[in-house]
Amino acid sequence: MLKRIPVTQLRLGMFVQSLCGSWLDHPFWKRGGFLLDSQADLQRLRESAVKEVWIDASKGLDLPEEAAVSAAAVLPVTMPAGPSPARVALEEEIRHAALLCSRAKAAVVSMFRDARMGQAIDTAHASDLVDEISASVLRHPNALLSLVRLKTSDEYTYMHSVAVCALMIALARQLELPDPLVREAGLAGLLHDIGKMAVPDPILNKPGKLTDPEFGLVRRHPQNGARMLLDCRQVSALVVDVCLHHHERIDGTGYPFGLAQEQISLLARMGAVCDVYDAITSDRPYKKGWNAAEAIRRMAEWNGHFDPQVFRAFVKAVGIYPVGALVRLESGRLGVVLEQHGRSLLTPRVKVFFSARSKVPIPQQVVDLGRAGQTDRIVGFEPAEAWNFRNLDEMWTGLAKSTGSYFDAGTGNP
């Protein structure tokens, strides 16, 4: 269990997950989470500018009960909880999410342009954007999480940041992290690739294989991004940590430092999953993306890449049959997944429209596979290209892509 406590209540044997405040304020900037087992480290923390830390009570000592009550009473609230937005129908939130994605794309283009020109990152604007994305995920998580997968290869650099932000928020809520940490996770997702602005566009968008020097330049984006975020002095250690460590792997084979297991913070482990999932489900200049179902299957096979507990929570957040996936039912009908069921990952709502046996269209019908008495079930995924289905995305989004993009906000590249 994660708890935020004053440094005055730290004691030896506690596991410090992260430190609150700027990385410039504390002497542990190269570390992820660590067990506080040194009196010297404890003294350095108490003498630093850090006022509060996150501890993980499942990995070390917890607060005494009376101290926990005291901490809850005195700690400031980073983000007011307030009433949760009312959950709305998928169709309604899709329309809202499409507009939000357009605004988010424009905001990220502007933010990345500023970073490329050496200007300060507008973290206040970024935080407001995170709040909007978080509210959309709360109203209906399937809407925004599914819609951001429809970005074009030209939009990837910017919409990838929006997608990872939304995925981090959904995953943080699935892990039942406290609201302040959910917000930090979202901001970390939005800014995790800011260091790519130090990489020239011809390399970022190169359709062929990168040369060794080009690949080396791309691999430096975590350090470049961390420096940018440190320079702006307005983001927490958690956000910088994700930027610096989202390419680390749980088995120690990642980069830039080859960290492993508990050396990698929880949010960085989350960032690794969300970053890879969106990357492999997106069309890139050099590779067409996998469908969401194939991506989940492949990621499950990559032993040593991801924290297993975090990955299981991620699958629960996005679903085994993600919205927009083409599936075959036992009845021989083909349909597109419309919505996940909270009760079971195996019984989504599906819009059927085609007979695989007769190979002809059938009247469209929404089938709730989780309804009592429903005997039909999903038997597998189908590749849409194999059936030459066009406008499949319009079937579940209800949106028409008339300009080549669902998120055309009239913006150009920085």
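Note that Cβ sites are derived from N, Cα and C of the backbone, with glycine treated the same way.
What Swiss-Prot lists as domain 'HD-GYP' is 133-330.
Per Swiss-Prot, divalent metal cation 1 binding site is recorded for H160, H192, D193, and the stated evidence type is similarity to another entry. A sphere of 10 angstroms centred on the C-beta of H160 (divalent metal cation 1 binding site) encloses 22 other C-beta atoms.
H246 (divalent metal cation 2 binding site) falls outside any helix or strand according to DSSP and counts as coil. Here Swiss-Prot flags D193, H221, H246, H247 as divalent metal cation 2 binding site.
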Entry from the binding-site residues list H192, D193, H221, H246, H247 having the most other CB atoms no farther than 10 A:
H192
Return one of helix, strand or coil for H160 (divalent metal cation 1 binding site), based on DSSP.
helix
Rounded to the nearest angstrom, how far is the Cα of H221 (divalent metal cation 2 binding site) from the Cα of H160 (divalent metal cation 1 binding site)?
15
Can you tell me how far the Cα of H221 (divalent metal cation 2 binding site) sits from the Cα of H192 (divalent metal cation 1 binding site), in Å?
9
Whole-number Å value for how far H192 (divalent metal cation 1 binding site) lies from H247 (divalent metal cation 2 binding site) (Cα to Cα):
10
